[in-house]
Amino acid sequence: MKIYDLQQVKEMAGGDDDFVVEIVKAFLEELPPDINLMREAVENNNPELAYSVAHKMKPNLQIFGLELLENIKRLESWSKDRVTRKDILEDVSLIEKKVLLACESLKEDFQVV
């Protein structure tokens, strides 16, 4: 079973396979740097930046079927809900792991470098 699901991506593309490839490429270009920035924000105790990055990533994670919405929501609300940084780091690790696995799988499946 794949870690990602392209159903929403394909619906957006309306049968245009080239558009699907472009969306995949955009995901592969944007998400790894965002993941790094998210980790840095949490490690540097910067909830505002963590919120911004998590909020930016959320639509991409959703359209690729990565079930990380609860983790992203916790990260977004970190500054308000008084969640501990340790708990947030666990969310970051899970998000990071799933996104990087999805990236590797997408690269392989779409033969994108």
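Cβ coordinates are placed from backbone N, Cα and C, and glycine is handled just like the others.
Copied over from TrEMBL:
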type    : residues : note
DOMAIN  : 16-113   : domain 'HPt'
MOD_RES : His55    : phosphohistidine
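Counting only residues at least six positions away in the same chain, the Cβ atoms of Glu76 sit under 8 Å from the Cβ of the residue listed as 'phosphohistidine'. Taken through DSSP, the domain 'HPt' (16-113) splits into 82 helix, 0 strand, 16 coil.
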